Amino acid sequence: MNNFKFQLKHYLIFLITIICYCIGFSIYFIAQHEGTRPKKNEENLSKFNPELYQINSNSRLLNNTNIDNSKYAKPDNLFYFLQISDIHMSDRYTKGAQGHLYYFLQKMIPILDPNFLFITGDITDSISKKMSLETTEDEWKMYRKIIESTNITTKNNGTFLWDLRGNHDCFRISEWDSPYNYYKDYSHTKTRGFTFNYETSYGTYSFVGLDGCPILSAAKPFFGIVDNVSMDLYSNFMNNAKSNPNNKHNFVFMHFPETTATFGKSSSGKSWNDYTKDISLLLTGHFHNIVGKYIYAYHPDYLEMELIDFKLKGRYRIVAIDNDVVSITDNTLPLPNIPYDFKTNNIDDLINHPPEVFKQNIPPVVHITSPKNSRFVLKRGEPIKESLTSEYIRVLVFSDQSPSNLKLSLYIDNKLQSTEFTYLGDQKLDKRSSTNKIKINSNINSKSQQNIIEENIYNVDAKTPPLWIAKWDKSAFNDGKSHELKVIATDINNQNHKGENVITFRLDGKSDSLGIPFIGKLLLKSVLYKSLPVIFGILYIIYEIMIILPRLYAIKNIIPKHSNLPFFPNKHVGDIISEETVPFQEGFFKKHFILPFIEAFTLNGIFYPIQIIMICLVVLPTKIGNITKPTQNVSKYGSEFLYGIYGSGQWANIADQYLTFIPLFILIIYLNTFIIVLSNHKKQRHHILSVILLIFLCLIQLLLSSFMTNMIGGIMAIFFSPFPVWITIYTWVLIFIIMIRRFRNHEDKIVTPELNAISV
């Protein structure tokens, strides 16, 4: 009977652990299933202001030059668009940010004059001077003032600018109708994503923008959620694009790279992966320059290209579609310094008193459209082999100078070629019939289970792009190898004003390496929202093995013989345990790595509190506090679980918590456990310097855990935070108990049987 009570007493914790694991897995699957399903005002989320813009394409009839009839010798079948991302407008900045944006829209857009401009999120910074994290109306007013003062909102009858939200644009936004969601009031698109078809006489091109802001957004979310409602929009539009025989390319825009986005399923059960074969390019932002100047990656079905931030790096992207061959160039704003210091954070000052840099001429911007850059060969939609039959090099040159003032030079493998360029920007486009129209379908809305499309008709000129062409003899380069092609455009009136574009090409149609560092490709292809939980799970399991196996050994071999072991470690308990661990006192690894863990986790005061907090981490909230900004439908109070955010009956299965859990698990739980184990094992008193170092480490951990917890849920969360605040406090309590009690007197004692009864 006594043996049964002993086993029940000491093995019950393991039974509870297994039960909690089962409960934790159940919560995980619930969070995964419900985390992409909006529960509040789901019907409102499907109201995306659907419109169908039908834009009549009016040709310009200009003087023609005698050029042969090859389609590659004409300026037709060519359009281009721009992308910028991560502006982070804020009155905290005088460098970059809103100054970069105003300069770009005021100076660069009139020269580049693209068909569309896409801004892929983090328009505002949402971090105040006091470091509070929440959306700020003044930042959005600043953005609105910039796009209106530069006439971007009215360009091409309002069909020019398409902006998306980023994670900084939705800090603590609990729902779309939140009064703190200033995007819906001050942006240009004003909808949760967009979709439109650009329908020309030479093909249809689809553009899809997906809003990835989490359903229930806490402070500073890093991961996004493309929820089920957005997936309905995406699924419907992609199905329509696939059914169009004239569809040539599908371009998808998000702020969040695929690796940081959780995707729901459409009402028809379609997922993100069901349409990846139909994507030509995925264009994102978000990572800034975290791993270098460029972050690109080939996925199995498409090419993803993350764009470096506009805030400090001034990066913008040109994407041209020339006879259905896609070319991409990432450029930097032509400012004297990047980021440029505009000396003011007030946009009114910039507009009314622009600095001298606004009066300077812009150097030519060069973009090669043909031959194809072999680094960026797409998985679908590109007639690469056909384009390689072209006898022409095709180059877009954007300049505030007259074409007659520009001189283009061609270099192949760093050798100057004798080729002469001809400007086609003054050529007329092929005559369009009345049926050749450009249609922009901004959104599809589900009403009464039927797709209803609302239509509006606008007229926009089909502009002749600033195209230069040059005949070349490519036979010398048809050797199955890669070659470098460079075009330099020079202002003949100012030799210092020049621009260039360098690409790699090959004439066998094969692709070359992206030339991206391994860490960059790994970042985009690692699927962080899936891999981070796995990494944390491995760390968790290793830790559980580290404390449970020594405990099991103690229950079987030590505790039955010494029923009155103290709850906390004292000076002599290690000597008692040493008598029962003779097999582990020989051999370096056993003595210095296994034995200390057995000595430590034999004691209830070390094992039980830590193990209880570990199993609470699996089934209970890690933090409870003021998670989000309250609305009529959503309370400000919520909980952070291991599996996501939960509040007001809504799950948001983001993976942000793992970004903090993994380092904190290593820097606090692992580190403190090793300190506990080794301090408990050592025989000598701690040196005063080691005591000072431990006190300093304790303070650092307490400040770090309190700061990160406060950022998520405020002061309330600090008091209701099993992880990391409670576990930090308790492990340091154990460390100092060991330091004080076990080593109060460090002289050696003779071990006697009476020591077995020693307690605290």
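Including glycine, each Cβ sits where the backbone N, Cα and C put it.
Whatever TrEMBL says is automated annotation, not expert-curated.
Features as listed in TrEMBL:
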TRANSMEM  12-31  transmembrane segment
DOMAIN    81-288  domain 'Calcineurin-like phosphoesterase'
DOMAIN    363-430  domain 'TMEM62 Ig-like'
TRANSMEM  532-553  transmembrane segment
TRANSMEM  593-620  transmembrane segment
TRANSMEM  658-677  transmembrane segment
TRANSMEM  689-708  transmembrane segment
TRANSMEM  714-740  transmembrane segment
Taking a Cβ cut-off under 8 Å, which residues six or more beyond the ends of the transmembrane segment (12-31) line up next to it in the same chain?
544, 548, 608, 611-612, 615-616, 618-619, 641-644, 646, 651, 653
For the domain 'Calcineurin-like phosphoesterase' (81-288), report the average pLDDT of the model, please.
93
For the transmembrane segment (714-740), find every same-chain residue at least 6 residues outside the stretch whose CB is under 8 Å from a CB in it, and list them.
568-569, 605-606, 609-610, 613, 616-617, 620-626, 640, 661, 664, 668-669, 672-673, 675-676, 679-680, 686, 691, 694, 698, 701-702, 705-706, 708
Excluding the flanking five residues on each side, which residues at least 6 beyond the ends of the transmembrane segment (658-677) place their CB within less than 8 Å of a CB in that stretch?
222, 532-533, 535-536, 539-540, 543, 546-547, 596-597, 599-600, 606, 610, 622, 642, 694, 701, 704-705, 708, 723-724, 727-728, 731-732, 734-735, 738
Folded-back contacts onto the transmembrane segment (532-553), same chain, C-beta under 8 angstroms, at least six residues removed:
14, 17, 594, 597-598, 600-602, 607, 610-611, 614, 617, 642, 655, 658-659, 661-662, 665-666, 669-670, 673
